[in-house]
Amino acid sequence: LEENLPKPVLDTGNILKQGYLEKRSRDHGFFGSEWHKRWCVLNRKTFYYYANEKSKQPKGTFSIEHYSARLASHLRKDSRKKCCFELTCPGKRTYEFTAPSPAEAEDWVDQIQFLLKDLSSLTIPCEEEEEEEELYNDVDSSDSMNTSHNTTLNQDEPNMEVEGEDIYEVLPGKDPKPK
């Protein structure tokens, strides 16, 4: 199992975002919390952080499902406070990061939020399916409007026959039944 852990770094197909971030340590030192530079990798479901880009074994991993991401300028008091963001989940550890720039912090938050939205749509298929079904019906009804022009050429036929196999024989400008 340990051999499989570094795979996301090597398998670039599943990586949504990666780069160096400073991660706030959970342990509080003499001067308070310390920030450590970490190579961070985000794939479809998991956030990995490594000592550096070449590390084969992650220093930590966590599933981002049910987490939320947001910019968090309150984490630092220095000039890099606009580069901070945090990942929070009720009942779980909060992860705090500093990106190289405010734009990069925003990009990490956007990518994580996009992924979380995608994950939530997979875990609650009923709501999503209903929406997709409505969209499909809209497309379907516009298609049936196009074919309705063909079926109205022969108004003598009952609706049941129009919806049956006969509809495939109706061609524009041709009467399906000879008179």
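Placement of Cβ uses the backbone N, Cα and C atoms for every residue, glycine included.
DSSP states for the domain 'PH' (14-117), grouped as helix (H, G, I), strand (E, B) and coil, give 22 helix, 46 strand, 36 coil. Marked as domain 'PH' by TrEMBL: 14-117.
Positions annotated as compositional bias 'Acidic residues' by TrEMBL: 130-141 (among others).
Marked as region 'Disordered' by TrEMBL: 130-179.
Under the heading compositional bias 'Polar residues', TrEMBL lists 142-157.
Annotation comment: TrEMBL describes 158-168 (among others) as compositional bias 'Acidic residues'.
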Mean of pLDDT values spanning the domain 'PH' (14-117): 93
